[in-house]
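Comments concern the structure below.
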Amino acid sequence: MSSTTTAPATRRRRGGLNKGETGAGWLFVSPAIVIVGVFLVAPILLALWVSFTNWNGRFSPINNPRVDFVGMENYAKITTEDGLIQQLFGRSIRNNVYYVLLVVPLQTALALFLAIQVNRRMLKAKSFFRTAFYFPSVTSSIAITGVFMFLFQASGVVNAVLGWFSIHGPNWFADPSGVLHKILGWFGLSSAPAGWEKPGFLGVSTWDWLGGPSVAQCVLIIMAVFTTSGTFMLLFLAGLQNIGSEVGEAAVMDGATGWKTFWHVTLPMLKPTLFTVLTLGLIGTWQVFDQVYLTRGTPAAATLTSPAYLAYDQAFSSNRPGVAAAIAFVLFLIIIVMTLLQRFVLADRDPSGYGRDRKAKKKAKGATS
Amino acid sequence: MTMLIGSSGDSETKAVQAAVDKWTETSKVAVKVVAASDLNQELAQGFAGGSEPDIFYMSWDQFQTYASDDYLEAYAKNLSNADAFYPALKETFTFNDEFVCAPKDFSTLGLVINTDLWAKAGLTDADIPTTWEQLHTVATKLSADGAAGLSMGAEYARVGTFMTQAGGGLMADGKVAANSDANVKALEFVQSMLKDGSLKWPADLGAGWGGEAFGNAKAAMVIEGPWIAGALKNDFPDVKYKVVELPAGPSGKGTFSFSNCWGIPQGKDTAPTAQELVEFLTSDEQQLAFSDAFGVIPSTQSAAKTYAEKFPENAAFVAGAEYAISPVAFKGASDVIGEFNNSITTLATGDAKSILDTVQTQLDSAYQAAQG
């Protein structure tokens, strides 16, 4: 960072740019600025404005006497004001929290595992496996959702296979019960303890917060892991190939076993890739929409809604663009906070020189020299 | 002019285009018919961007929302055939005591019976249920080998008919009355059928909706509308069936009517021309042409009568129109109905009273908000 701030000074000293060139520079970047402005900055600002108004979707949201500025009212509706919208939002957050908690670690672990497998020098038909693992990522999520809904029908393929092992599979997309609730049920705790059934944080009761993903959502979780791990496998594969074989050889010379090499040498060196994968995973899972949209008619649909889908629904089915925009911005904040948090956690134990540790290291260096 | 329709398929799009072309011959106004893939979304987008269609399908469940947000021109009261429509349909598309838009056609719910399974269970025409008890009895007789006697979508738009038959409903005299005794009775009756397995939701029969469960012979009877005819013809042409009116409850007959109206955007220059087009499209002659093309029931009483004679197999649906009411649909109600539908899915193990208490609270606050 510090090097970029000093750059203009160096340039001026060299006297490289004159006025004409500055103009030309602006001329060349102007198409990009206009495109980014019109298609990115302006819509975001407009959405921010809409989130503070009571606009009902009719006529323009700006310069319209029917549109009033209502301050934080839309935000209050989804967060603090008791009511149905708050409950819907609370439930969508709850659903998405479980989705993120399961999908992100699973897809990261699976992607890393696959990458290591296809990176082996001894592996035959490498490109076949690479293509095979990557294939689900190329296919449209819409098509895969369709196939999954078909596979997980009450009398579908999955339940038929489970039937071979004498397991009576659930009616997947029709089962809204939480997995954790089910497990607690085996231990005789089938209903909420006293006081736990009352509306709690965001209008969702403590008991429901602890319900775990619904059986129906488990299908979506499996599907997300299945479809995205291929993409992340490619990222890990690139990271692994960057490391080079001599590092591994050196570790072996030092007497490290396979597992130790992975844990103490390979994984730390993969940290930048890991950071990228986790960040992309977090953003992707918090924005889950396609699958939810396609399964909206299923009986357990309520346990599948995500904030992104709720925003769509509020905007287009309920004519509440203000509430929808507010949801979108809360979601944006959640993603920012999650990414910062994850950056903080990863950087803290970062031996590779990325993130927070770098400053500390510099200081340490300065002290010794 | 442009017209945006939520088409059920090619036959509907073609029929609408043909009708519009016929009108163009006399009016000399060209109309482009566009079939939407997601009508609500495309309408919302059009209205927000100021490029709304000049005339469009407006569904019953979105009508109140659109009307209360000043989207719709209240033209229907000026139509020359304004009094020809079924009163229940006029009421559906009335906002603030003003008849806003003309109903395009309508559907009611009836009891669809698989005649082969009916005969196989040793039942005759004399057994056709006219009361809840009879419905329960025949449904039990028809349940066999994992198939259910009766099935219907796990939603208010089906279960609600039982509430009407019990003398209840979500609204009564302009007040929310979701947790009334009549409604509790209705839900408890449905629950009793769920508990002994004579009624099963389509999802529990491995089907996406009632018609599919019926076509697969997983359900011997379903509560569905006239649209089931087209679906059965396409996917299960060998299933033999007949349609009767829904059995009466403790307080008489009851069914729901669903309809679309021809929406015209408020304050648009083309509104008078669009109104003339609607007048043409809702004429008895034109509506019967639509019935021939894609099986809908005309929204005017005289045309519906002709329809019932022409298609006797659908006469029960037309008969239902006499006492049909429209499901609750004021602004903000759809979220509450969505929640109600979720709890209907788990009705078998739930408590009818507490489900309705929740609906009462939620619907009441939505109603207060809608009244402003």
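Note that Cβ sites are derived from N, Cα and C of the backbone, with glycine treated the same way.
Because TrEMBL annotations are produced automatically, they should be read as predictions rather than curated entries.
Bear in mind that the values here come from a model prediction, so they are computed numbers and not experimental data.
The domain 'ABC transmembrane type-1' annotation in TrEMBL covers A:93-342.
The annotation transmembrane segment is assigned in TrEMBL to A:23-50 (among others).
Annotation source TrEMBL lists transmembrane segment at A:97-116 (among others).
Annotation comment: TrEMBL describes A:128-152 (among others) as transmembrane segment.
According to TrEMBL, the transmembrane segment annotation covers A:214-237 (among others).
Nonlocal intrachain contacts for the transmembrane segment (A:269-289), taken as residues 6+ away from its ends with a CB within less than 8 angstroms of a stretch CB, comprise 96, 99-100, 103-104, 107-108, 111-112, 220, 224, 228, 232, 235-236, 238-240, 243, 247, 306-309, 312, 331, 334-335, 338-339, 342-343, 346, 350, 352, 354-355. What TrEMBL lists as transmembrane segment is A:269-289 (among others).
Within its own chain, the transmembrane segment (A:322-341) is flanked in space by residues 47-48, 50-55, 70, 73-75, 77-79, 85, 89, 100, 279, 282-283, 286-287, 307-308, 310-312, 314-315, which lie at least six positions past its ends and keep a Cβ under 8 Å from the stretch. Annotated transmembrane segment per TrEMBL: A:322-341 (among others), in sequence order.
With a threshold of 8 Å between CB atoms, the same-chain residues lying at least 6 positions outside the transmembrane segment (A:128-152) that come near it are 114, 117-118, 158-159, 172-173, 219, 222-223, 226-231, 233-234, 237, 290-291, 294-295, 298.
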